[in-house]
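*Asks:* Can you keep this structure in mind? I'll have questions shortly.
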Ligand code: F6P
Ligand code: MN
């Protein structure tokens, strides 16, 4: 039985990377424990203030953010932290070689209804050791990530991780408190009949996305010639986990609901880490046309349209968008 510690010893080339991943996953155990207590831990409900995106913060969002921030600030390898819940990145240890970005509690509207939520993280290299990190140090394309992963707090707590060209999964054993390896080579099939989208935004989508979903709904009576099935967890971490387990397509597309926002999901701590996991498991991740991992960021909180999952389906969405741009 291989634990996360064994896995990192054997596979992480850089001890600093294993150390930072260990810090994040140890905090994950605490968050998992708080979620298990639920209402009894007095962590449900609004915290009464708004995050930088203008959304209400839940108590546990704040708690998860603070726990990660405190633990990483003490880690000598961590040069700085950027979080969905912080306006600006926080410098940590100037001599550290790594930057950590996270969404402390993805899908937080699920907390109060006892549904799945998760922590998403991305680790980037820090190039200015000896000096305090700043927002601009974090503005690196997703293809620079040294590691990425998520913790899904579902019926059990699962860690998905990539530190090389492989994606692995661990399950948190509630008895021993260890993360136990459950899949040492996660792979996504190229084809799928399952898709995830919040269809209530249909009227705000671009024409090629509307056409795509129309085709899926037409099923075997339409051009696709087969039926498709919808799933929507309302927490990206849950939808991506399903795709790593059994394939599928997930999209939060460009829409015109909020014209000043390019999409809903955040590039640096949602789209990039998930795209790295998906690509390394054999899938694809785009903004409908371009590879997400090649986007050069301009803001730590920037939003991006996301289409990810089974390769042939992601490519089909891209073809529709390219055809439409040329028509
Ligand atoms: O972090 C944003 C997020 O909560 C994602 O985890 C999830 O996929 C999406 O928003 C849910 O959006 P909606 O509220 O439109 O269903
Ligand atoms: Mn999120």
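Backbone N, Cα and C atoms are what each Cβ position is placed from, and that goes for glycine too.
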*Asks:* Need a hand: TrEMBL gives 103, 106 for Mg(2+) 2, which of 215, 270, 279 is also on that list?
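*Replies:* For Mg(2+) 2, TrEMBL names 103, 106; of 215, 270, 279, the listed one is 270.
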*Asks:* Say TrEMBL lists 106, 107, 108, 109, 264 as binding substrate: which of 19, 183, 198 is in the same site, per that record?
*Replies:* 198
*Asks:* Just to be sure I read the record right: 103, 105 are listed as binding Mg(2+) 1 in TrEMBL. Which of 84, 127 is listed for the same site?
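*Replies:* The candidate from 84, 127 that TrEMBL ties to Mg(2+) 1 along with 103, 105 is 84.
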*Asks:* Take the C-alpha atoms of residue 107 (substrate binding site) and residue 84 (Mg(2+) 1 binding site) and report the distance between them in angstrom, rounded.
*Replies:* 12
*Asks:* In angstrom units, rounded to an integer, how far apart are the Cα atoms of residue 103 (Mg(2+) 1 binding site) and residue 198 (substrate binding site)?
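*Replies:* Each residue's Cα considered, residue 103 (Mg(2+) 1 binding site) and residue 198 (substrate binding site) end up 20 Å apart.
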*Asks:* Cβ within 8 Å of the substrate site's Cβ centroid: which residues qualify beyond 106, 107, 108, 109, 198, 264?
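*Replies:* The answer, listed by sequence position, is 110, 234, 235, 236.
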*Asks:* What is the number of residues in the domain 'Fructose-1-6-bisphosphatase class 1 C-terminal' (188-320) that are helix, strand and coil, as DSSP sees it?
*Replies:* 59 helix, 21 strand, 53 coil
*Asks:* Check each residue in the chain of residue 264 (substrate binding site) that is at least six apart in sequence and keep those whose C-beta is under 8 Å from its C-beta; list them in sequence order.
*Replies:* 252, 255, 303
*Asks:* List the residues in the vicinity of the Mg(2+) 1 site, defined as same-chain residues other than 84, 103, 105 with C-beta within 8 angstroms of the site's C-beta centre.
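*Replies:* Same chain, not in 84, 103, 105, Cβ within 8 Å: 61, 64, 65, 83, 85, 102, 104, 106, 108, 119, 120, 269, 270.
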